[in-house]
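Features reported for this protein in TrEMBL:
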{"type": "DNA_BIND", "residues": "A:16-55", "note": "DNA-binding region"}
{"type": "BINDING", "residues": "A:Gly90, A:Ala91, A:Gly92, A:Asn93, A:Leu94, A:Gly95", "note": "NAD(+) binding site"}
{"type": "DOMAIN", "residues": "A:79-180", "note": "domain 'CoA-binding'"}
Protein chains: 2
Amino acid sequence: MSEKGISLAVIKRLPRYYRYLGELLENDVVRISSKELSERMHVTASQIRQDLNNFGGFGQQGYGYNVEYLHTEIGKILGLDKKYSMIIIGAGNLGQALANYSDFERKGFVLKGIFDVNPVLKGVSIRDTPIMMMDELEEFLKKNSVQIAALTIPKSKAPQTAQRLVKLGIKAIWNFAPTDLHLPEGVVSENVHLSESLMRLSYSLKSKEEDPE
Amino acid sequence: MSEKGISLAVIKRLPRYYRYLGELLENDVVRISSKELSERMHVTASQIRQDLNNFGGFGQQGYGYNVEYLHTEIGKILGLDKKYSMIIIGAGNLGQALANYSDFERKGFVLKGIFDVNPVLKGVSIRDTPIMMMDELEEFLKKNSVQIAALTIPKSKAPQTAQRLVKLGIKAIWNFAPTDLHLPEGVVSENVHLSESLMRLSYSLKSKEEDPE
């Protein structure tokens, strides 16, 4: 069930609001009207009012939204007021790219370790986080409380690795392998399927070519 | 306007169907019922029938769907029967990860070049595709017909780089920078906002913790 009966469609839009409000904060904007926010986000002002009214009392007629308050409240709904520990499984280019995003840490996702099967990578560190070998995983997760695992490994290995992680207590899997994981109740996942994203781009491109406005 | 009046919601689901059908093909499955497909994809059979009936005549009562035919037809709708040329702007970990996915090439996206500003990378090749310097971009795009550019560069540089690419004739931008690009009519884009994906995961995790079934 979603927060206070907020629809899943609204919840899905929250990260985008959070990002825009964060940018406004960085630029020292104290408040913003739904009209201004609408122009920046290329969303109708009425959509914005509808979405944000779900949280009640954030906007005031003729005054606009308090940017910092709204940013904080949306952050809380998204769970960003908490700290989560994360590991990355797979230290290839994609795993290393994730390990290098300092922005995740600022949002409360603390990288605790990176795991791979390639012995060449053993002991190498990325931003002070060591790369360990997969056979050290059990030992590591016994000693460290970790909630999130990012999976950047081949499709063929993803399902059994996910099962192994779940057994070890991982509660959330951020899956980059091009396959859907079927996980037990109580474990959540979010997929980043790059290939599907590229196909959607290809569809848009083809549609434009066939039917240019 | 979408293909033959197919709704955008259905179009968005097509890449996933395409992926599952591709896996069935790899396993030499010739036909499949909506019930079987439904079990694999964890979608209701009626949803599958509704979605695929949009294309007419793919399924037959008591026979099921012809996997290869459906895969091919959905591929055509997605534009995968054509070849597109692609460049990658930004040869960091993420750019290199994209350059290393041979699967994109199999789907018809041919990587023609990678560009970066770091002189250390000049002349380095990834899977036979050379990394060039950003000041070679104009010259390169004059000589080569390229439709798609993947942007794996920092947020601060993404908007002006996108404008530059559009001026040079790029028609589709696959944007990995954590910002929305506002592009002219006729240019399409698809965003991969990793940070937003991680926030959705965090929201699900938090919701489960607060309200475990």
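A Cβ is built for glycine as well, from the same backbone N, Cα and C atoms used for every other residue.
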- Item | Subset of A:Gly90, A:Ala91, A:Gly92, A:Asn93, A:Leu94 (binding-site residues) with C-beta under 8 Å from chain B | A:Gly92, A:Asn93, A:Leu94
- Task: Check the DNA-binding region (A:16-55) for me and report the mean pLDDT.
- Result: 90
- Note on the structure: Counting other CB atoms within 10 Å of each candidate's CB, the least crowded of the binding-site residues A:Gly90, A:Gly92, A:Gly95 is A:Gly92
- Message: Using a Cβ cut-off under 8 Å and a sequence separation of 6 or more, which residues in the same chain sit near A:Ala91 (NAD(+) binding site)?
- Response: A:Ala99, A:Ile114, A:Phe115, A:Asp116, A:Asn118, A:Leu121, A:Val124, A:Ile126, A:Ile131
- In sequence order, which residues at least six apart in the same chain have a CB under 8 Å from the CB of A:Leu94 (NAD(+) binding site)? A:Thr152, A:Phe176
- Query: Of the residues in the DNA-binding region (A:16-55), how many are helix, strand and coil by DSSP?
  - Reply: 28 helix, 2 strand, 10 coil
- Neighbouring C-beta atoms (10 Å sphere around the C-beta of A:Asn93 (NAD(+) binding site)): 20
